[in-house]
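Accompanying notes for the structure given below.
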């Protein structure tokens, strides 16, 4: 009858004949041995157990002192083989999380995410007829929480169209026309878009700061219209897509328009100015969208004209119109979608995908968009204050609750919404992300970071569901986030980005936990 050692079931012999390494033991001969089957199992268990007892203290020290370069230099070889051969989670359950975070796989993944040359994207799926659901056919019911993987990819793609608009403007603020480097080579730009402010500044301001003249220009480039012209991509998406991308606030006059928060009535064929239930929108946003001058038509006229041309050009094809924007661009996107649905003959399905957008109009404006079949999906960061203005309600959830309670006859909130010039309402469906869910960003990130478009795309790429942690296999590179929001990235990763190559070679399989700082 065999006598088994305690915990012998943990260790399994890999072969029946083997030669020990240079570390000798009185229990283990240094020459190959042939033993009888009856004694073979016990001897192999003893060998494995003796190896573990001899090296266990070293392995514990290695785990507890993962940042000690001197210790790793002397013990790296033996420790690496031990970590690879033992089930540490079973021997020391409390070390499971630490071992997972220290794995070479995680370190290599972080190296890839921080690399300047690495820009990995999630693989695209064939959408086919599913594109209508992703475009809001059912108001994204069942697709937001948890977030559908195809919708996640689409949102990141739309955000990158807006980033291209930002880059095209800031690379040459005074240039016209300008080149737009699209993130998707299957699309081509068909029209540049310009917005004109109705605010006038004194001419002497240009003389004081001639190098910043672009900041005070009456008319500025705000985005573009692009259309997919790649047959293969059209087949993948299930239709030919027209994209309208609009950047956020950049010039002094655009900022001044942002601070005109009173509601104004939208143009109608036979307006009734005394009707308190008329659709109304923010004065400044409406001004930028509808104002033109002798040098350039209004953004509204330019956009409606181009979309009408494209719809006629591709008549008979399956089409869709996607309007996307960030910040000010998100606000103008709603006005543009409403205008297209109203004025473009035979308009295809229109959907808005916005990031960090403010409130734009009253409840009647939201109802008007819904009645026209315009679908709106707003991506909102819980810490972004821009999404909570303008308006008299600081908490949008309480706003909706108060509104429902105020629909009774003589309800106070109903009266406030109809008669107060600051009674704003959000539009459409909402995907809410949270800065605190990111393992890379500081939970107390500043206001600018909470509103930053790259931070939004980072959060969307890592979002699984409201009750789930950040996606472990997120593909989006952290390089741009580091470049633009370094002060808001956890110190661990700003340091790692500077010392990445050296750290990778020196530290081998060691990586601290993402949540440790």
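Note that Cβ sites are derived from N, Cα and C of the backbone, with glycine treated the same way.
Swiss-Prot lists 1-36 with the feature transit peptide.
Look at Swiss-Prot and you will find 43 tagged as ubiquitin cross-link.
Among the features that Swiss-Prot reports, active site, acyl-ester intermediate is placed at 327, with the record citing sequence analysis. Listed in sequence order, the residues of the same chain lying 6 or more apart from residue 327 (active site, acyl-ester intermediate) and placing their CB within less than 8 Å of its CB are 248, 249, 355, 356, 357, 358, 386, 451, 453.
The active site, charge relay system annotation in Swiss-Prot covers 384 (among others), and the record cites sequence analysis as its basis. Residues near residue 384 (active site, charge relay system) in space but far in sequence (CB under 8 A, at least 6 apart, same chain), listed by position: 356, 450, 451.
Look at Swiss-Prot and you will find 451 (among others) tagged as active site, charge relay system, backed by sequence analysis. According to its DSSP assignment, residue 451 (active site, charge relay system) is helical.
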